[in-house]
Amino acid sequence: MFSKKKKKPLISMPSNFEHRVHTGFDKRENKYVGLPLQWASIVGNNQILKSSNRPLPLVDPSEITPTEILDLKTIVRPHHNNNKADTTSLNSSSTMMMGSMAPMNPMAPGAHPMMSHGPGMMMPPETGGIVLPKTSHVARSNSLRSSSPPRVRRVANVPPSVPEEEGPPAAGTPGVGGASSGGFKPPGAHPSLLYNSQHAHANGATGPLAVRTDQTNLQQYRSNLAPPSGGSMPQQQQTSPVGSVASGTRSNHSHTNNGNSGGSYPPMYPTSHQQQQQQQQQAKQGGDQNQNPLHPHAHPHPHHHQHLAKSASRASSSSGGASSAAQQASGASGGAAGQPKQDQRLTHEQFRAALQMVVSAGDPRENLDHFNKIGEGSTGTVCIATDKSTGRQVAVKKMDLRKQQRRELLFNEVVIMRDYHHPNIVETYSSFLVNDELWVVMEYLEGGALTDIVTHSRMDEEQIATVCKQCLKALAYLHSQGVIHRDIKSDSILLAADGRVKLSDFGFCAQVSQELPKRKSLVGTPYWMSPEVISRLPYGPEVDIWSLGIMVIEMVDGEPPFFNEPPLQAMRRIRDMQPPNLKNAHKVSPRLQSFLDRMLVRDPAQRATAAELLAHPFLRQAGPPSLLVPLMRNARHHP
């Protein structure tokens, strides 16, 4: 009748805790002090972010898109399980959930957008609200950066890049949520990003209890990927896709969880100890998986130098190899998180060696002079210079390897624009490593970004059609090669002096193929994101079409829909509401409205492709590029 009161479990204090970095805020100067070098250009002190009134792209580094559909096996354990068995099963599960940044074919590298910690992921539509991790700022140069919530109207704090997770083989499979990237998560943890304070963690046991808890959570979360009809995905043989871990440090912000239901767990970052274990596992596994992806049970190879050199040599011959080298360099750096400083320096040299295999040899300063800085972003600076041999002006993008949140994304800057040539894509001439900086030499487009035009001018339909036609030609080419841009907006469209339109900023692009037909990362700039990206549903090249439709609204109304609202609220509206309408709908022709309606379709399967849109009657109004020259002149006269 009277049961004995159970004794409360004893919970120890964190062990081996180290307070390595302390960051404060100077109220007098209104800036952060004591920021780590990685964050110095991201939070608080970035003059570019202060002066810019444009929203910033984001990538959410909490998830990675696995390359194959894998169901977690049901594991039945007796109470006397030993640590070894549990640890083995956990490693297997962690391996299954790791994502691949490398493309599945040699056409081009998959761009894996994880650059920083930022505002965040969305909860699946069934669970109610969108939950953003820490606010993220990404400059126009395609880098995610995090900072405080938006204070300026046009500065968007957007969710960080969500590592890619696996998409169902069928395009219509409405899987929601993402697989864990291998990190330990306590009960209730969710891979989505949140405003989340980093908690101290015990140096921790990997015994049966910890493993069983994590395994159970993985199984519970994996169940969210099943179609809503209740049918389970067919079981497939377990494989181990190549993984890459987000190495960027995440900023510490407290958060409030709102509206989690339906079995979804509130997102949570792995603790520092969890990250170290996760990174060490992936660093060990990454080498053999890159070499032999068809044999998932290959044993990890201890010699990272040899694997790095091999993968780097492959990188010089194909873009897929470049991404592979980037992964291994990233994995090595992740594994060195808890190691001495000497190992960290070695990791930097490994990454630099891998990048050196992709870029051109030599020093560009021997052929370039008269450097003049014209811009700065969160990933680096942009200068114009003169080529001594030809006398032409070129643009030089300089990116410091040590200041990148996701330095493997630098491979996209080199490989994508190098391997894909099209009249409407910015031409890259060469790339170099100068000390610890990556220099990308590309054509200089005097006309600037389309943003200057849509902000200061009003475009007529003939000019809008001219821009759209050239953009669609570039997108049709990229999509035919399996490349998704994922950050289409006016900031990514550059104009030459004669009015030619060119697509730029490929730092967030991704590769799809028959083996990996869909992506699920939360990547892009909030106001231009498609509903399926925000909802974390599998998506393909059709997301670029939605973003282009939003850019058309930009050209008509001067800004994208919901631009006066915070990014989180705008994303929620895009996810839950009908496609946005033009403010000045009464001023546009039925042809333009029909053209827009073909792009802003909530169902990706019903959305027009780039090739289909090129045949739309509205584009018959397109004229020569010279139609845009007066708009560029008008934009130059505005500050």
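Just so it is clear, glycine is given a Cβ too, placed from its N, Cα and C backbone atoms.
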From the candidates Ser161, Ser378, Ser521, the one which Swiss-Prot records as phosphoserine: Ser521
From the set Thr173, Thr525, Swiss-Prot tags as phosphothreonine just Thr525
Neighbours of Thr525 (phosphothreonine) among recorded positions Ile374, Glu376, Gly380, Val382, Asp487 (C-alpha cutoff 10 angstroms), in sequence order, are Asp487
What are the DSSP helix, strand and coil residue counts for the domain 'CRIB' (11-24)? 0 helix, 1 strand, 13 coil
Out of Glu376, Asp487, which of these recorded positions shows the lowest number of other CB atoms within 10 Å of its CB? Glu376
If you measure between the CA atoms of Ser521 (phosphoserine) and Asp487 (active site, proton acceptor) and round to the nearest Å, you get 12
Using a 10 Å cut-off on Cβ-Cβ distances across all protein chains shown, tell me which of the modified residues (Ser521, Thr525) has the largest neighbour count. Ser521
Ranked by the number of other Cβ atoms within 10 Å of their own Cβ, which of the binding-site residues Ile374, Val382 ranks first? Val382
Using the alpha carbons only, what distance in Å do you get between Val382 (ATP binding site) and Asp487 (active site, proton acceptor) once rounded? 19
